[in-house]
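Take a look at the structure below.
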Amino acid sequence: MGSPRWKRFCFLLLAAFTSSLLLYGHYYATVDVRSGPRVVTSLLQPELLFLVRPDTPHPDNSHHKELRGTVKSREFFSQPSSELEKPKPSGKQPTPCPRSVAATAKADPTFGELFQFDIPVLMWDQHFNPETWDRLKARRVPYGWQGLSQAAVGSTLRLLNTSSNTRLFDRHLFPGGCIRCAVVGNGGILNGSRQGRAIDAHDLVFRLNGAITKGFEEDVGSKVSFYGFTVNTMKNSLIAYEAYGFTRTPQGKDLKYIFIPSDARDYIMLRSAIQGSPVPEGLDKGDEPQKYFGLEASAEKFKLLHPDFLHYLTTRFLRSELLDMQYGHLYMPSTGALMLLTALHTCDQVSAYGFITANYEQFSDHYYEPEKKPLVFYANHDMLLEAELWRSLHRAGIMELYQR
């Protein structure tokens, strides 16, 4: 008779403990151990990604109220955002577009104070000097060069020495009007959307990570002007989404690659890609960059986001409460967020497709999944904060967010 009573006591104790854990935290972290191609385990980098449950949604207020919460979070970098690279000739050309992102943002009482359009978006050889090294070596990647080899960084930046490396695109190639850009995320909202023709009608199209277009042209189009990534997200995407058709990164004569410098391996891979040689060291040692970027890759095909630009975007637009959590050191804006904000600082007019919206639970995680998969939240990104920002920018008329 004692045995069932003991088992019942253990069961009740376990239930009480589990309930207390669920009530205790606003977020929780654990490792996703489910099998299948949709789980992106960091096989290529010794850094685990942790799940985050959005127990409490962010308030759905006006964009003025939403952004106040974003910009008042605690300072988490070793240097304030005012200590950025003093703007050098950035390669940016004046726009004749009367209703540009810059004009609309500057006229907005909230975003007019947040946007800083003269900050360099890209980094190239002229930025590498003793002053910049001393300043950025105090900040961790991707916001600086802390822990990186000066020789590795310098040898990469010295190869970014063409005019193409100083700007995303040449404005003279789009005479007499507004340069319209589409940034295409991989969200399930695009499945069945029939937005492919509208996306391809833009002058420039940004894609990222597992950017599958074959078989989904009606919904997502096929045009690719820029492919944005970190080496880690690119290689993880090739593993995780191979079963869905992502068997190689986008390649093409006119396609440009945007490197997000999240780790030493991004600088090393970029250098090897420009030189056309195998990766000489690190986690990607022996890799042939040609298989990712094509046989005719040269310096002109590559863009490198400036660490100061990433620092500015995070402190002003996407400073998350996740930074106060146990794994706050892993936090950075998502690849999609960085591509969209890059477009907003360079293009005249921007449309966002496949990004998280308020009704994200109605859609699968990705548009190419044949069966609905729930969106998974990881502790290195704050997708709900990003969703707030996209809604706010849409309401302010600064960009167009595809919703349905």
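Yeah, the Cβs are placed from backbone N, Cα and C, and that goes for glycine too.
For reference, Swiss-Prot has these:
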TOPO_DOM  1-8  topological domain 'Cytoplasmic'
TRANSMEM  9-25  transmembrane segment
TOPO_DOM  26-404  topological domain 'Lumenal'
REGION    77-101  region 'Disordered'
DISULFID  Cys97-Cys178  disulfide bond
CARBOHYD  Asn161  N-linked glycosylation site
DISULFID  Cys181-Cys347  disulfide bond
BINDING   Asn186, Asn209, Ser334, His366  CMP-N-acetyl-beta-neuraminate binding site
CARBOHYD  Asn191  N-linked glycosylation site
In the structure shown, which of the recorded positions Asn161, Asn186, Asn191, Asn209, Ser334 has the fewest Cβ neighbours within 10 Å? Asn161
Any same-chain residues 6+ apart from Cys178 (disulfide bond) with CB under 8 Å of its CB? Would you list them in sequence order, or say none? Thr95, Cys97, Pro98, Arg99, Ser100, Asp348, Gln349
What are the other residues, in sequence order, whose C-beta lies within 8 angstroms of the center of the C-beta atoms of Asn186, Asn209, Ser334, His366 at the CMP-N-acetyl-beta-neuraminate site? Gly185, Gly187, Leu208, Gly210, Ser237, Thr335, Gly336, Gly354
Recorded CMP-N-acetyl-beta-neuraminate binding residues, Asn186, Asn209, Ser334, His366 - maximal Cα separation rounded to whole Å: 15
If one measures from the C-alpha of Ser334 (CMP-N-acetyl-beta-neuraminate binding site) to the C-alpha of Asn161 (N-linked glycosylation site), what distance in angstrom results, rounded to a whole number? 28
Could you give the Cα-Cα distance between Asn191 (N-linked glycosylation site) and Cys181 (disulfide bond), in whole Å? 21
Neighbourhood of Cys347 (disulfide bond) by C-beta distance under 8 A, where only residues 6 or more apart in the same chain count: Val101, Ile179, Arg180, Cys181, Leu204
Asn209 (CMP-N-acetyl-beta-neuraminate binding site) and Asn161 (N-linked glycosylation site), distance between Cα atoms, whole Å: 26
